Amino acid sequence: MIAVENQAPVSENAIPKDASDGFVVPESNAFGQSFRDYESTVRLSIVENTYRLNHINQTYDFVKRTREEYAKLNKAEMSIWEAIELLDSFVDESDPDLEEPQIQHLLQSAEAIRKDYPNEDWMHLTALIHDVGKVLYHSKFGSLPQWALVGDTHPVGCAFDESIVYHKYFKENPDYNNPAYNTKLGVYSEGCGLENVLMSWGHDDYMYMVAKANGTTLPSAALFTIRYHSFYPMHTEGAYKYLMNEEDRENLKWVLTFNKYDLYSKSNVHIDVEKVKPYYESLIKKYFPEKLRW
């Protein structure tokens, strides 16, 4: 992969805000229910089945093999915005809070964070592209099933933490009873750093690889956020922190800041795509080449 050079610095004035600052967290999701309610969501059957398949099939070997395949970046060549448009009809089957096309979720997140951090355009763009890796569902990218591209992420190659949603389905995963992979550390060492940990495969890691390999100048905090924004067992439940190093802990504060905009901005109220498109295209031009290898 191409090394990232000349990354934009994070402004000294860009201090991550506490969850109680700025953005007002709504009391309920688009369905009038609590956020991330995996027990009574109106989308229960489809959400639970997606996680069931995810937990059964995301083995260490599957992730290693799939990551190596997609690291070739030989599926397509297109701009960031062209990739975003592919998500115009995609609905995430793991999301208990929203049933809207992903392009709306991306813009809702970006516009919410833009309001609270008007001078940090790298954060606006990070929000816009954080889920673009979901293009993996598209025929150009191999038409991966949703269990292989959406949902909360977790490490593979070590024990599955009980904080992971629908943990019960891991019992059907071949790694669950494999002594090489079912201990606390498994194939890893304490403090090894998340960079050295293989995560369940999905849109997060894929978009991170695409951005990094194509020489984005987004700061490291942005790349970390893209890569680990779905790692809820860590940033919400505190699991697996024994695998983190000092750099991970420093970047984690940005994931925590980003999370509230990612989670709580979901709404049935649509953003006018054509109205905001010029602004986001200018950011894409600033931080990315015109065409990217995917």
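Note that Cβ sites are derived from N, Cα and C of the backbone, with glycine treated the same way.
Just so you know, TrEMBL annotations never went through curation; they're auto-generated.
Per TrEMBL, the feature substrate binding site maps to Arg36, Asp92, Glu93, Ser94, Lys134, Gly151, Asp152, His229, Ser230. Residues or ranges marked as Fe cation binding site by TrEMBL: His105, His130, Asp131, His203, His229, Asp262. Taken from TrEMBL, the feature phosphoserine applies to Ser40.
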Around the recorded Fe cation site (His105, His130, Asp131, His203, His229, Asp262), other residues with Cβ within 8 Å of the Cβ centre, ordered by sequence, are Leu106, Ser109, Ala127, Lys134, Asp204, Ile226, Ser230
Please name which of the binding-site residues listed here, Glu93, Asp152, Ser230, is nearest in space to Asp131 (Fe cation binding site), Cα against Cα. Ser230
For Asp262 (Fe cation binding site) and Lys134 (substrate binding site), determine the Cα separation and express it in whole Å. 15
Candidates Glu93, Asp152, Ser230 (binding-site residues) - the one closest to His130 (Fe cation binding site) by CA: Ser230
Pairwise Cα distance for His203 (Fe cation binding site)/Asp152 (substrate binding site) [Å, integer]: 10
To the nearest Å, how far is the Cα of Glu93 (substrate binding site) from the Cα of His229 (Fe cation binding site)? 17
Integer Cα-Cα distance in angstrom, His229 (Fe cation binding site) to Asp152 (substrate binding site): 9
